[in-house]
Each structure stands twice: as C-alpha cells, then as structure tokens.
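Notes to accompany the following structure.
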Amino acid sequence: MATEGMILTNHDHQIRVGVLTVSDSCFRNLAEDRSGINLKDLVQDPSLLGGTISAYKIVPDEIEEIKETLIDWCDEKELNLILTTGGTGFAPRDVTPEATKEVIEREAPGMALAMLMGSLNVTPLGMLSRPVCGIRGKTLIINLPGSKKGSQECFQFILPALPHAIDLLRDAIVKVKEVHDELEDLPSPPPPLSPPPTTSPHKQTEDKGVQCEEEEEEKKDSGVASTEDSSSSHITAAALAAKIPDSIISRGVQVLPRDTASLSTTPSESPRAQATSRLSTASCPTPKQIRRPDESKGVASRVGSLKARLPSCSSTYSVSEVQSRCSSKENILRASHSAVDITKVARRHRMSPFPLTSMDKAFITVLEMTPVLGTEIINYRDGMGRVLAQDVYAKDNLPPFPASVKDGYAVRAADGPGDRFIIGESQAGEQPTQTVMPGQVMRVTTGAPIPCGADAVVQVEDTELIRESDDGTEELEVRILVQARPGQDIRPIGHDIKRGECVLAKGTHMGPSEIGLLATVGVTEVEVNKFPVVAVMSTGNELLNPEDDLLPGKIRDSNRSTLLATIQEHGYPTINLGIVGDNPDDLLNALNEGISRADVIITSGGVSMGEKDYLKQVLDIDLHAQIHFGRVFMKPGLPTTFATLDIDGVRKIIFALPGNPVSAVVTCNLFVVPALRKMQGILDPRPTIIKARLSCDVKLDPRPEYHRCILTWHHQEPLPWAQSTGNQMSSRLMSMRSANGLLMLPPKTEQYVELHKGEVVDVMVIGRL
C-alpha cells in the first residue's frame with residue numbers, strides 16, 4: 001500500500017483486484033462460475049483496467065461469510081478494488097448488498113447509480129438490481145449482478161471512472177492532479193439549441209441534418225465527443241466505452257425500442273429510415289474515444305473516457321448517416337423502417353448474386369457457424385431430451401447394504417445342508433436387528449438387507465418347510481437342501497454403483513434410462529445445455545391463416561404449421577411470428593422481434609428472384625447479418641439461405657428457407673434440425689443415414705436430389721425398401737405425407753441417368769420408423 005501523499009510510480013500503480021463470487025450453486029459445484037471468471041479476464045485485460053487479480057473466491061449466499069472475506073481482503077490483503085458478483089437481486093438469499101453495507105465505511109452512490117442507469121437502458125428488469133458501492137479504508141467495493149452478461153455490462157458502465165477513483169483512494173497526487181487539470185481545460189457545454197421554426201416534417205429533417213454536420217465539424221476541432229441522452233436510445237454504455245476491445249464486447253446490432261426513433265420518408269428519395277430522435281455522435285465513437293491506453297501518454301486515455309460522459313450538444317442523424325459513420329456493428333441501429341429500396345424494380349438482379357454452394361460445403365458451414373448454447377440447472381424430471389453439461393457422480397453406494405438377489409433364506413454357508421431354525425425375516429425397506437448364529441437362518445425377500453452373521457442366500461425352491469406355527473402364520477423350521485457358497489445370491493455394497501463413480505458423462509443425451517439413473521443416485525439437479533428457442537414465420541402477400549376462408553389470389557399458409565410441428569417434434573420451444581407481407585419494413589420488424597425473443601429464426605419464402613423477394617436484402621442492408629450462402633446446389637431447396645448475426649456477444653442463427661412447402665420441410669430437416677441439435681450440445685448432430693433398396697426406378701436430376709420416400713421392412717430381409725411418395729414437385733406437400741425418409745440421390749451424369757428397382761441407396765431418416 002502507498003503511504004499518505006506518496007507519489008506512485010508506474011510500477012506502483014498496478015491495481016490489485018479481488019473477485020468474489022457469491023452463489024450457492026457455484027459454491028456447491030452445481031454450476032460453473034462464468035461471471036467471476038469473465039470478470040477476472042476483464043480486469044487483467046491491458047486495454048481495459050490492466051489490473052492484477054490478487055484474490056479470487058467463491059462463497060455461499062451467507063452474510064457472515066461474505067463479510068469475513070470482504071474484511072480480510074480490505075484489511076489484511078489491502079486490495080485496491082473488490083468486485084463481487086451475485087446476490088444483488090430480490091431472492092430471499094440475495095444478501096450481498098446487506099453484507100457490503102455492514103463492511104463499508106463510506107458509500108459511493110454515484111457508481112451504483114451509473115450501473116442502474118446503464119442497466120435500465122438495456123432492460124427494464126435492471127430496476128430489480130440492488131447494488132451497493134462503497135469504501136473501506138483504501139479499498140473500493142463494487143457489487144455487480146450475478147449473470148455473466150449483467151456483471152460485464154455494469155463493469156463497463158463504471159470502468160471509465162475506476163482508475164481515477166483508485167488513484168484518489170491511494171493518494172496518487174500527481175495522477176489525480178493530471179486528471180483534474182485535463183477536466184478543467186474542457187469547454188463548458190453549449191446551451192440547448194432552440195427548436196427550429198415550425199415547418200413541414202421533411203424540411204425539419206433536412207435542417208437538422210445540416211445542423212448535425214456543422215456540430216460534427218466543431219467536435220472534430222475541439223476533440224471532444226458528445227454523449228447521447230440516456231433516455232433517447234437503447235444503445236448501451238458498453239458501446240460507448242470505446243476502449244473495450246471487440247474480443248470482449250462482441251460486434252452486433254444494438255436493439256432499439258421501436259418507439260425510440262421516428263422515421264420519415266421524403267418523396268424525392270427511396271423509403272429509407274430517417275431517425276428524428278436525438279442521437280448523438282456518442283453512438284459512433286470518434287478516433288479520440290477509440291484511443292487505447294498504450295496509444296497515448298500519461299492519463300490522457302483515462303481522461304478521454306471521462307470526457308465522453310460529459311454533456312455535449314446533441315445531434316440528429318438519419319439511420320443511414322449513423323451507420324455510415326460507424327464501422328463496427330455495436331452501433332448499428334435496428335429501426336422499424338427498412339433501408340431497402342423497392343422503387344427501382346427494373347434494376348433488380350436478373351441473375352442471383354449468390355454463388356452456388358455444394359450441399360457438403362453448406363452443411364459444414366452451418367455446423368461451423370452454429371454455437372453451442374450456454375448451460376442451465378434443471379430438475380432431473382425435466383431432463384428428457386437434454387444434454388448433460390457436466391459429469392454426474394454417485395454420492396452413495398448402490399446397493400448401500402448387502403442385498404438379497406432372491407426370495408429365500410439368509411444362511412451361514414459353513415453350516416451346509418440340514419434343518420435350521422428360522423429366527424425371523426428381513427424385508428425390503430427394513431434393517432434386521434438380529435444376528436444369524438450357527439444352526440439358524442432368516443427368511444429374506446428380494447432386495448432385502450442381509451442380516452449380520454449370514455453370508456449366503458438359498459432360494460426358496462431349494463428348501464423344505466419342516467415346522468410351522470399352529471395357526472400357520474409363521475415358519476419355525478426349514479430344511480436346506482443344497483450346499484451354499486459364501487456370497488451366493490448377494491449383491492455386495494457398491495456392486496451396481498460405487499460412491500464417487502461417474503454414472504453419466506458430459507455430453508450424454510438423456511432418455512428415460514438416464515432419468516431413472518439420476519433418480520437412483522439421488523441427483524435431483526443437473527447442469528444441461530439450454531434448448532434453443534426457435535421463431536418461425538411465413539412470408540408472402542398471398543398467404544392466409546389456415547382458419548380463414550379463401551379469397552381470390554390467396555392461399556392458406558401451410559409452411560409455418562409444418563415447420564413449427566417439425567421443430568416441436570424434436571422437443572424445442574417455438575415462437576409463432578405469424579404471416580409477414582412482402583414488404584421490407586414488415587420483414588425488418590418481424591425479424592427484429594424474432595431476434596429479440598429467439599436463438600434461431602426460420603423464415604419461408606422471399607428468397608428467390610422475384611421482385612417482391614426482399615428478405616436477403618433486409619438481412620444484408622438493414623441487419624448487417626453475415627449471409628454465409630444464398631443458394632445451394634440441391635433439389636428441392638435451391639434458394640436456401642443461411643445467415644448469422646452477433647448481438648452483444650450472442651450469435652443469432654437465421655435460416656431463410658424457400659417458400660415451396662416441400663422445399664421448406666426438406667431443407668428444415670437437412671440444415672435446421674442438425675443446427676438445433678448442435679446448439680443443445682449433442683456431440684454428433686448429423687442426421688441418421690441408413691441403406692435401403694429402391695422399390696421402383698428413379699430418374700436422376702442434374703442436381704443432387706432429396707426424394708421423399710416411405711421406408712418399410714419385409715420379413716427376414718436385412719435392408720428396408722424405400723417407396724417413392726410419387727410426384728416430387730416442390731409445391732406438392734402431398735409428397736411429404738407419411739414420408740419418413742429422404743432418398744439421397746446423386747446428380748445425373750452421362751453414364752447414370754436413373755437408378756433401378758432393387759439398387760441400394762442412402763436414405764436420411766426424417767420420421768419414425
């Protein structure tokens with residue numbers, strides 16, 4: 001520790017940090033401490049705090065244990081900063097704030113307020129957090145939320161002020177003075193601008209655009225970046241903390257509340273989003289803000305972080321202007337109006353701009369780009385179909401006592417055959433208290449404990465009853481007819497499962513037997529990979545809901561029902577996004593809703609070459625999603641599209657499937673289902689492929705074809721027969737009726753134009769056999 005008034009050198013300036021995780025489940029090893037580990041990485045990152053982790057500990061949600069650790073780290077270890085994670089909510093055992101209040105000597109309410117304000121900009125549930133920040137001696141204590149995402153965001157909210165706060169506590173006079181001098185040199189914020197004279201909305205927007213450009217030039221000259229009003233945008237403060245590296249804050253679209261931006265379109269230009277809410281240049285970090293500590297001298301970078309939070313003149317930009325000024329995805333605004341130009345129909349593509357991708361490459365790409373989801377702790381009864389994220393160990397022996405394998409008599413093997421007195425009985429669920437002596441036996445039932453003195457069991461079939469009680473209710477004497485050997489028909493302790501044995505390995509896909517095994521070993525809570533949530537929508541102006549009466553030019557939507565049922569058949573939770581018209585604004589709004597609520601979004605229609613097929617443009621222009629492929633060399637399903645979008649470090653998966661009913665179902669089985677299986681942690685998510693014989697001749701197509709078929713087994717034949725479902729036109733949903741397989745037919749060549757009845761082919765299983 002530095003003495004009072006001591007001038008710290010660069011070496012002395014190293015910040016010593018402790019990370020304290022408060023969690024019952026982590027303490028009992030039922031969950032991994034993701035937030036604590038992540039905070040350690042953030043603290044040590046040289047482009048962030050650049051601190052040293054001097055202490056790390058996990059404690060249960062107990063006030064005394066929390067207090068004891070905090071006091072020890074403050075008074076004995078003399079840490080500069082303590083970050084706690086967990087226990088700040090409303091649950092009965094969330095007591096971290098109470099423990100902190102009993103330890104600190106002075107409060108730091110500004111830091112708690114900064115975290116609350118930042119959290120409320122992210123989610124209204126931020127109001128349920130109860131952080132306490134304060135000082136004990138020369139140690140700063142900060143309460144952070146228990147989730148990895150929440151703790152990282154709150155750490156980022158207070159990060160710009162942390163180095164200066166610690167310098168103040170350590171009396172680092174020179175560094176404190178440098179910061180204060182830098183702040184004194186800052187110009188005062190200008191007064192609020194007068195509202196423009198009342199004109200037409202279009203004129204008002206144009207005036208504001210000019211005004212923004214002038215203000216931007218002034219800011220460039222002064223080197224001071226503006227900050228946006230916290231109530232005007234949902235862009236988190238994490239995006240404003242320009243020195244957070246992309247490796248920690250994943251690039252992605254920031255979600256705006258849909259009422260945040262007012263959008264208008266001028267007659268003279270295409271319908272592009274024009275944001276009229278007050279959006280400042282803080283949305284787009286300037287080079288001044290992006291500067292990292294190792295690229296500047298002294299404390300300039302730290303002062304720059306403080307400058308970015310001072311009030312400045314707000315500016316107004318259209319969404320397209322904001323996006324053009326921002327190169328990173330953190331600052332893309334997802335508004336409710338699309339920037340896709342729908343007016344120039346004559347200039348649309350006549351040939352697809354997307355290259356043809358082979359089926360193998362497309363499938364590999366999907367699996368490579370699809371992440372495995374995080375974990376959660378569930379009750380074992382809810383484990384059907386889930387994948388274990390941790391090994392499961394037995395905490396007891398099974399059986400926990402020597403148990404009888406059969407109904408019969410517990411005997412002493414050394415006594416041999418002969419007549420024996422019966423001293424009682426041992427039943428399952430009871431522990432016998434008597435000891436079998438020479439010349440005695442005890443009647444036992446299957447699964448019952450073996451009494452002391454006995455070392456074998458003779459089944460009832462190998463005995464004769466010699467004597468019974470007068471009323472016939474008791475056996476008094478029995479004759480043993482065989483020679484028993486020691487251990488005969490006895491399951492010793494731990495015979496089935498030994499204490500500490502791994503009974504289920506990480507990655508196990510749980511079924512009924514695994515659920516029963518968990519019950520057997522008494523493990524009622526297990527850590528599993530999360531199920532992906534899947535949102536499904538159909539696109540097309542021609543579509544009606546199934547319950548609607550047909551109208552001229554309309555058809556009923558079958559894709560959504562079929563896709564939802566397919567996903568639900570595999571056990572995944574779904575969200576029905578309904579029917580979306582062929583309009584970029586509607587598509588964008590529906591995609592935004594799906595992105596905010598689900599892990600995977602499935603659309604059908606709007607991906608081919610029609611003049612109303614806008615989906616790929618919305619993904620590219622509005623969402624800035626990465627489209628990995630837009631056409632696949634296969635039949636059916638040529639225009640199948642796969643895209644990903646990273647938001648706040650979370651990857652969203654988007655499958656834009658063809659609109660033809662059969663194409664949608666086939667591509668869902670080929671691409672979507674394996675991706676979902678990978679997301680839930682299944683080690684081999686590939687579909688099941690078997691061999692089958694063709695029941696009829698099949699003509700080949702120039703493209704690899706997935707031909708719908710019904711698999712049946714004939715008596716005493718090892719391979720099933722694959723019967724075609726008939727006409728394979730992609731619009732004919734009847735071809736999917738009763739189909740439980742897809743014939744994987746090769747493309748046509750000069751030598752092979754068809755396959756003949758009886759030939760063996762590969763078949764992908766898509767239904768119950």
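The chain as shown is numbered from 1 upward.
Note: Cβ is positioned from N, Cα and C throughout, glycine not excepted.
Look at Swiss-Prot and you will find 14-153 tagged as region 'MPT Mo-transferase'.
Taken from Swiss-Prot, the feature phosphoserine covers S188 (among others).
Per Swiss-Prot, phosphoserine is recorded for S194 (among others), and the stated evidence type is a large-scale study or a structure entry.
The phosphothreonine annotation in Swiss-Prot covers T198 (among others).
Taken from Swiss-Prot, the feature phosphoserine covers S200 (among others), and the record attributes it to a large-scale study or a structure entry.
Under the heading S-palmitoyl cysteine, Swiss-Prot lists C212 (among others).
Taken from Swiss-Prot, the feature phosphoserine applies to S262 (among others), supported by a large-scale study or a structure entry.
Taken from Swiss-Prot, the feature phosphothreonine applies to T265 (among others).
Feature annotation from Swiss-Prot assigns phosphothreonine to T266 (among others).
Sequence annotations record features per position, and here Swiss-Prot assigns phosphoserine to S268 (among others) based on a large-scale study or a structure entry.
Taken from Swiss-Prot, the feature phosphoserine applies to S270 (among others), supported by a large-scale study or a structure entry.
Per Swiss-Prot, S-palmitoyl cysteine is recorded for C284 (among others), and the stated evidence type is similarity to another entry.
A sphere of 10 angstroms centred on the C-beta of S338 (phosphoserine) encloses 27 other C-beta atoms. Swiss-Prot lists S338 (among others) with the feature phosphoserine, giving a large-scale study or a structure entry as the kind of evidence.
Annotation note: S338 (phosphoserine) sits in a coil segment as assigned by DSSP. DSSP places the residues of the region 'MPT Mo-transferase' (14-153) in helix, strand and coil in these numbers: 62 helix, 32 strand, 46 coil.
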